[in-house]
Structures are given as C-alpha cells and as structure tokens.
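A.B. asks: First the structure, then my questions, so here it is.
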Amino acid sequence: MGDTKSTGEGNSALGKKSFKRSKSHFADRVTADGRDGWPVAAGRYRLVVSRACPWASRAVISRRLLGLEEALPMAVTDPIQDDRSWRFTLDPGGRDPVLGIRYLAEAYEAREPGAPGGVSVPAVVDVASGRLVTNDYQQLTLDLATEWRDLHREGAPDLYPEGLRDEIDEVVEEVYEDVNNGVYRAGFATGQEEYEAAYEGVFRRLELLSGRLAERRYLVGDTITEADIRLFTTLVRFDAVYHGHFKCNRHKLTEDPVLWAYARDLYQTPGFGDTVDFDHIKRHYYQVHEGINPTRIVPLGPDLSGWLTSHGREELGGRPFGDGSPPGPVREGEEVPAAGRP
Ligand SMILES: N[C@@H](CCC(=O)N[C@@H](CS)C(=O)NCC(=O)O)C(=O)O
C-alpha cells in the first residue's frame, strides 16, 4: 500500500511535518432548486459511506435522524481500502447492486478522469449517470438538514435551526479544528512538536466542551443539532482508535464523566448508536494506516459494554427531537452486524 493508504486520508501531505486536510474537490451541492444541476429528488442519488469514517458517519446519522433512508439510499464500503481505495466487497459479487461498480473510484473517474484529491467518503453519486456529485462532507449534512426538507420524515428534528446557526457554526468550527481534525493531526504527525501541539489542542478543547456540557444536555439549544452529530462521531471513536492508535492518551473518554455520559446519551438515542460499527472502525484504522501500525494487528479492546449503561443525562432536561420524534427502527439490510456492536 502506498502513502495514501498509510494515512487513510487521500488529501493529506505525509512526509511534511504537518498533517494537512485539503478541501473537497467536488463541491457541487444537491439543493431544492437544483442550482448546481443537482436537484433534490427521491431515489436519484446514492450515498456511499464507510462506517469507519467519522466524516461519512455524520451523513449516516443525519440521514437516519431525518428519515431520508428511502429518498437517499446508502452503499456501505468495505472498511479496508486497497490500492484503488474504497471497494464494494461487502456486496454480492463485489459490486454495488445499484451502481454496478466495484470501486468508488469508478464514480470519481466517470465525473472527472484523473481528478486530484483522491477518492474519499462520504460521496454522493448520481445513479443514472454513475457520476460523483459531491464529496464535500462539511456541506453535505447541512444540505440534508435544510435542502432536503421536503423529503424528511414526519417528526424529523431541525438539526440546523435558523435562530441557532451562528452558535452552531462557531461550535462546529472549534470542534473541527481541535477535536475532529485535531486527533488526525496528532495521529499523523511526523514530528514531536507537531504531535504535542495537536494533542494539547485536543484535550484543551475536550476540557472546555466537558465544562459546557456539565449543565446542559446538548451543545447548542436544548435539542440535538448538527453540532452534537459532529462531536459524537469523534467521541465514539475515541477510546477504540484515537486514544491508542493516534496517541491521544492523556485520558480516555470513559475517564471524563461528563463527556462519557454525553456520548452514551447520544449513542443510546435512535439514529446514533444504531449506525456505529466498532468492528469497521477498528479494522479500518489499525489495518489501513500501516505507517502508524506496521503489524496491522487490531487490538481486542476496549470493552464496549459501557456504551449501553445508563447515563443519567435526562435530569438535565432537553428535548432530544424538539417538537419532533425519534426515528423508527433501522431499515432492513442496514443493521450493524453483531461484531460491530457492544
Ligand atoms: N479527505 C476528504 C474528507 C473525508 C475523508 O477524509 N474521508 C476519508 C475516510 S475517513 C477518506 O475517504 N480518505 C481517502 C482515502 O483513505 O483514500 C475530503 O477532504 O474530502
């Protein structure tokens, strides 16, 4: 496997002192008015994800919370990339049954042969043409919450409420810089100083977030928002991969009572934990990043049973879905296999 696989991040600059995540190359948006040529339409697109990937997992959670499963069908890749990147080896015959392709790279090629920036998930693919539409994970969930509104289920929460957008934007920016991407900067650092700066940033921010969440159930307002989804996807991976593999080991998530309870509360909320596959997460990080883990041995721990224990956060109040309701059961065929659950 080459450098791309050893970092697992197609756009990273391995070999330099600092890990850099470049912008998504395909930033078209699927919108209600179709201004980029991609109108919201039920069944027109396929969402390609890896359950291992924190950026893709945001979209998987939003899709469930908003009830977009029928409107935006999903393809789950093998957590282990090969030299051609993400592949559909979990599907019969190794092909995605709808797109008919073996590698996600084929959709990228169909859109722009030889495009720079690597092949990343999440990716939205236009089913009829087989062409990639977007891999802009930052915008994707915001668009699912707002532009796809006509196709939301009844009782879907407002994940990006207009009156709270400034605050959400501010929180997610800090969380992205120090936490979501901070763990990657620590894990892929190739110099001591770089690693230490990232490590300090991760734990400084986690401490602030822990303080913020001590008295309030959710990050912004009193309902689940985009901000909680983005913090959750890093927290749920913390002890399984970031603490050991990425050397973010000042303490474990389970050693911060507030953040651990907050993460468990979300994990146990329909739409969050039922999308998480710890088996995919561990195998992806420990087997793909050979530069960090040359033996590719996947650790057996940590013990996951704590994720299902009571968290006591109901006492803080909050209305998880606001005036809406939780999503129903996971769609048939989309259940996380037993190997990936506590
Ligand atoms: N790097 C992507 C963000 C999403 C991302 O980094 N996804 C990872 C998986 S967590 C990926 O697909 N990396 C490409 C690879 O590993 O080849 C982008 O800038 O658009």
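Backbone N, Cα and C atoms are what each Cβ position is placed from, and that goes for glycine too.
Sharing the record's features from TrEMBL:
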ACT_SITE  C53  active site, nucleophile
ACT_SITE  Y184  active site, proton donor/acceptor
BINDING   W86  glutathione binding site
COMPBIAS  1-10  compositional bias 'Polar residues'
DOMAIN    158-288  domain 'GST C-terminal'
REGION    1-20  region 'Disordered'
REGION    313-342  region 'Disordered'
SITE      Y242  site 'Lowers pKa of active site Cys'
SITE      Y285  site 'Lowers pKa of active site Cys'
A.B. asks: Rounded to a whole angstrom, what is the C-alpha distance between the residue listed as 'active site, nucleophile' and the residue listed as 'glutathione binding site'?
C.D. replies: 11
A.B. asks: In three-state terms from DSSP, label the residue listed as 'active site, proton donor/acceptor' for me.
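C.D. replies: In three-state terms, the residue listed as 'active site, proton donor/acceptor' counts as helix.
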A.B. asks: Out of C53, Y184, Y242, which recorded positions lie by ligand 1, with a C-beta less than 6 Å from some atom of it?
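C.D. replies: Near ligand 1, sequence order: C53.
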A.B. asks: What does the structure give for the C-alpha distance between the residue listed as 'glutathione binding site' and Y285 (site 'Lowers pKa of active site Cys')? Integer Å is fine.
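C.D. replies: The Cα atom of the residue listed as 'glutathione binding site' is 14 Å away from the Cα atom of Y285 (site 'Lowers pKa of active site Cys').
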A.B. asks: How far is it from Y285 (site 'Lowers pKa of active site Cys') to Y184 (active site, proton donor/acceptor), counting Cα to Cα, in Å?
C.D. replies: 11
A.B. asks: Count the other Cβ atoms sitting within 10 Å of the Cβ of Y242 (site 'Lowers pKa of active site Cys'), across every protein chain shown.
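C.D. replies: Y242 (site 'Lowers pKa of active site Cys'): 25 neighbouring Cβ atoms within 10 Å.
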A.B. asks: Per DSSP, how many helix, strand and coil residues does the region 'Disordered' (313-342) have?
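C.D. replies: The breakdown for the region 'Disordered' (313-342) reads 7 helix, 0 strand, 23 coil.
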A.B. asks: Got a sec? Which of these recorded positions, W86, Y184, Y285, has the most Cβ atoms within 10 Å?
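C.D. replies: For the recorded positions W86, Y184, Y285, the Cβ with the most other Cβ atoms within 10 Å is W86.
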